[in-house]
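Worksheet for the structure shown next.
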Amino acid sequence: MAGARRRKQHFSRIHAFSCGKASFKGDHSLIGGPGFSRVIYCNDPECFEASLRNYCDNYVRSTKYTLATFFPKSLFEQFRRAANFYFLICAILAFTPLSPYSAVSNVLPLVVVIGATMGKEAIEDWRRKKQDIEVNNRKVKMHQGDGVFEHTKWMDLKVGDIVKVEKDEFFPADLILLSSSYEEAICYVETMNLDGETNLKLKQALDATSSLHDDSSFQNFKAVIRCEDPNANLYSFVGSLELGDEQHPLSPQQLLLRDSKLRNTDYIFGVVIFTGRDTKVIQNSTEPPSKRSKVEKRMDNIVYFLFAVLVVLSIIGSIFFGIETREDLENGKMTRWYLRPDETTIYYNPKRAAVAAILQFLTALMLYSYLIPISLYVSIEVVKVLQSIFINQDLHMYYEEADKPARARTSNLNEELGQVDTILSDKTGTLTCNSMEFIKCSIAGTSYGHGITEIERALAWRKGSPLAQEAAEVEGQVKEIQEEKPSVKGFNFVDERIMNSNWLNEPRADVIQKFLRLLAICHTAIPEVDEETGRISYEAESPDEAAFVVAAKELGFEFYERTQTSISLYEFDLSGKKVKRSYNLLNILEFSSSRKRMSVILRNEEGKLLLLCKGADSVMFERLAKNGQEFAEQTKEHIEEYADVGLRTLVLAYRDIDEEEYVEFNEKFTEAKNVVSANREEMIEEVAEKIERDLILLGATAVEDKLQNGVPECIDKLAQAGIKIWVLTGDKMETAINIGFACSLLRQGMKQVVINSETPENKALEKAGDKTATAAAYKASVLQQIAEGKQLLTSSNENSEALALIVDGKSLTYALEDDVKDSFLELAIGCASVICCRSSPKQKALVTRLVKTKTGSTTLAIGDGANDVGMLQEADIGVGISGVEGMQAVMSSDIAIAQFRYLERLLLVHGHWCYRRISSMICYFFYKNIAFGFTIFFFEIYASFSGQAVYNDWFLSLYNVFFTSLPVIALGVFDQDVSSRLCLKFPLLYQEGIQNVLFSWLRILAWAFNGVLSATIIFFFCIRAMQHQAFRKGGEVAGLEVLGATMYTCVVWVVNCQMALSITYFTYIQHLFIWGGIILWYIFLMAYGAMDPNISTTAYKVFIEACAPAGSYWLLTLLVLITSLLPYFAYSAIQIRFFPMYHQMIQWIRSDGQSDDPEYCNMVRQRSIRHTTVGYTARFEAKSKSSKER
């Protein structure tokens, strides 16, 4: 069937949709005006008129830089960092006589730092570029002229080109459907990449172009399309097609969007109308933002603070220097005669003391630059790249089935992973696998099916659950049966009472027969026969519909053929004989979100008219006849049980129709569906309402919207970590709510605040056509519902009850308006769960922006489709799921993972470690630079603020590069406060990142104080010990070069040993770097001191001849080291003993051997559970609590 032309199928005869009909009323009258000025010359993109339009090409890029913008944009990125900009100024001043050190020693570190960071940026962007190249070089068949179609690259398409897209291919641009392999020019489109929905959308070309079935048909085809300009609205389109002398209105029914996929149709022909950045999917995305973590932004503030300290020190020094210089010549007498002030340069001229003070200020700015660590940024870049490699190589986040590891596409945000407060998640393809499984059913008041859902499994294995033993037994039985029979996609039903025709022995076999027959008939699926194997598969509009047809087939009622007016089955009669039956299909009353049901009207072989109906329990029970409610109570109980374990339920019912009633209905139905007006849908619903009544209940189905493996467990751990989880989906409200229950974001007993605009009053206003009044009414309705929700929130907080907020897309439009969004956010933040349904990509991005900007907390967005791109880019961290469909989300993400469950390890383990490592690393960096910088300042006091450096030029330059930087890098890469196992076992540990306790201003200032204290001890011990004492055997006192080398030795020892005290997880690399850094200093001092005095200057043989032979040098080093570390050691001992942080408590638990004590661990974990916590653990606790209260 897939290879040949499909037989003619007149879907318009039975479906409620209007076959390609539209009118020039309403919006079509705007064509040609502002916003509706686009003109497309079909099949003639090179014509003169088309060239004047100058539409963009079809090349799409997701890179941050281009070849032309890399250097200017990347340099801007580097120098917008406060520290780098400051060092640039210092580098420029180093070439002037003001410099206290040589220019080369100052410029070289800056070039290395900037070069390394730009190189990293270039490598990351090149990866994005390669993905762009892959997408842009995909091939599609394009009309080359004379009816010949040849493969062309996507990027070479132009507006007006005719393309032929074949089954299971993505559309390369936004197209207008001209014709398809079906006679009536319909096609099925999967838009999961755009709106997250897996159900297939039915599209249909205009009658005027529907006959263009062959390649040769386009040899002389010419037409002109006039339509709206490029915009971001996925669900509307206005245009007209001019063919010959006739004009035909175009609607969304003919629009095929880029990144959606052709399904269940051999091929389509379409004309390109929007290309590249003009396509609706790209219009919904935004430029890749330059994201910076909150830690890095605070780090800039610390740099500003240190710069302010530096300026203050420089001002103090310049004032004192000016006063001292002015007093060098007093009444013609030279106070400091040895400086020869009478023959000095402008820099020390007593007659121009003010100028000398200003010049000294500039010198001091350069000299004290060592307060600000130049290697901080490059060290952090190196650490983040190495952290990213660890994330990429973590086997616990490797998805073997698809051969996909985790991939950190940018390393800028590693520490942000440890501070996530709110996760905003897509649903389809992110939480779910895009597959439904028929797992249970209730027929004639009896429940069938022993399958265990994810939720039941999660609850069963909770400690003390009575379900545990039962679940184990059931799972054992299910596995035995499944091993005997190969698994079938969509069917996970196990119950010997019904399977293998055993239903014939059940008391109500007649009802079971009608139930299974309804499953096999009441749908819009199309069967496809594999020509090689003869096996039948089904293409359905939604995965749950496919699951019903597959279930009917597996239980003996096999749907095998559909024609324009009939549907054929193999089924069993009540005698157990398999028979072939055909039913005359008269009408299909389609499912819609307002109707919440679907019906088919058919005539059986006996000529009897039947209406078969399936729908949500909320609309079905009220439509039952008095004599059709025999099993209503039992069925309701079963539905509640199914819903409680996260299953999606539908009620099945039927009725007999007499001939007269059907004739009257069919007339009205045909009349309603042929109407071309705004209220056409309402008219169809009214007609359907009259016949869908007096139904006889058969039972209910329960399908599992199959979650990805480990989703409930992952959500449970993230919720215990104190992370709030929002779901933003393009799906229907009912579907989203069911998934909410399935993954325990919602639970029974949790009050739901539903903000829904679809009220009868609003619908009536919309029908009236007054757009202003309608918008005002919608907004007022949303405001009222938000106000009611806030009142409910206040009372629920007093009673410690959890609330869930559920919002539909239309309400969200008004909730995000400037004067409403603050109230909406206040309500949303107070709720335990938030689910936004029918959200457009733009709305997802706006909700993300609202949470990020108004709360100031770290947001993480996770999704797998092109409809999630805006949300991923807007969030602080964007995580793309590298799933089965498309790569748009991954290409726009910061981190890519293969399954949602890996988010648990990514945040709770890698996030926590990265946050702790980077925070500790930055604090330590500032500590060691303050300790070093203040020794320079203290010496300046002794040197009358003259600008004389106590250390050699290269001592200054290499301090941050060689002698103290490698241990910090090792800390940032390897340190662990607790193991990955304990990170996952005690999720509350993650709160340290959310509350930012490890990088608070108090902690930063404490480290700064420690630095000043260390500098004070080092300087004053050294100066007092060496000022008047003989240093060498010959009685010589220490000179400047000896003092500088001794103080520098003390600084290197103190800061490296401080690092050793700070580390909680030692590796041999850390030992190598810490003690190796100290040894390297001695080697450098000997090697550099052995060089020519013109090169080594003040370091010439200072170690060999002066320091090493002097016992006081070694004794002083030891004394300073112990004295400097003593305050930190004492503070740490008191803090751990009396004010332990959470990670220190867990370290205690581990060292006491209590980390494997279930009772003790459970007691500690209870601190994670609050009344607003979601997840199955909280669900179990809430259920236990309510049971006790009863």
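Easy rule for this one: first residue shown is 1, then count along the chain.
Every residue, even glycine, has its Cβ placed from backbone N, Cα and C.
Heads up, TrEMBL stuff is auto-annotated, nobody curated it.
Bear in mind that the values here come from a model prediction, so they are computed numbers and not experimental data.
Range annotated as transmembrane segment by TrEMBL, chosen from 543-560, 885-902, 957-974: 957-974. TrEMBL assigns the feature transmembrane segment to one of the listed ranges (85-105, 925-945), namely 925-945.
Set side by side, the binding-site residues Thr428, Asn867 differ in how many other CB atoms lie within 10 angstroms of their CB, and the most is found at Asn867.
A distance of 26 Å separates the Cα atom of Phe591 (ATP binding site) from that of Asp868 (Mg(2+) binding site). Fewest Cβ neighbours within 10 Å among the binding-site residues Asp426, Asp864, Asp868: this applies to Asp426. Under 8 Å from some Cβ of the transmembrane segment (302-323) lie the Cβ atoms of residues 81-83, 86, 353-354, 356-358, 360-361, 364-365, 368-369, 371-372, 922, 926, 929-930, 933, 937, 940, 944-946, 1004, all in the same chain and six or more residues away from its ends. Across the domain 'P-type ATPase N-terminal' (40-105), DSSP assigns 31 helix, 3 strand, 32 coil.
When the binding-site residues Phe591, Arg648, Gly730, Arg838 are scored by other C-beta atoms within 10 Å, Gly730 scores highest. With respect to Asp864 (Mg(2+) binding site), the closest of these binding-site residues in Cα terms is Gly730, chosen from Arg648, Gly730, Arg838. Counted over all residue pairs in Asp426, Lys427, Thr428, Glu545, Phe591, Lys614, Arg648, Thr729, Gly730, Asp731, Arg838, Lys844, Asn867, Asp868, the record's binders of ATP, the longest Cα to Cα distance measures 32 angstrom. For the pair Asp868 (Mg(2+) binding site) and Arg838 (ATP binding site), the Cα-Cα distance reads 13 Å.
The two recorded residues Asp426 (Mg(2+) binding site) and Gly730 (ATP binding site) have their Cα atoms spaced 8 Å from each other. When averaged over the domain 'P-type ATPase N-terminal' (40-105), pLDDT in the model lands at 83.
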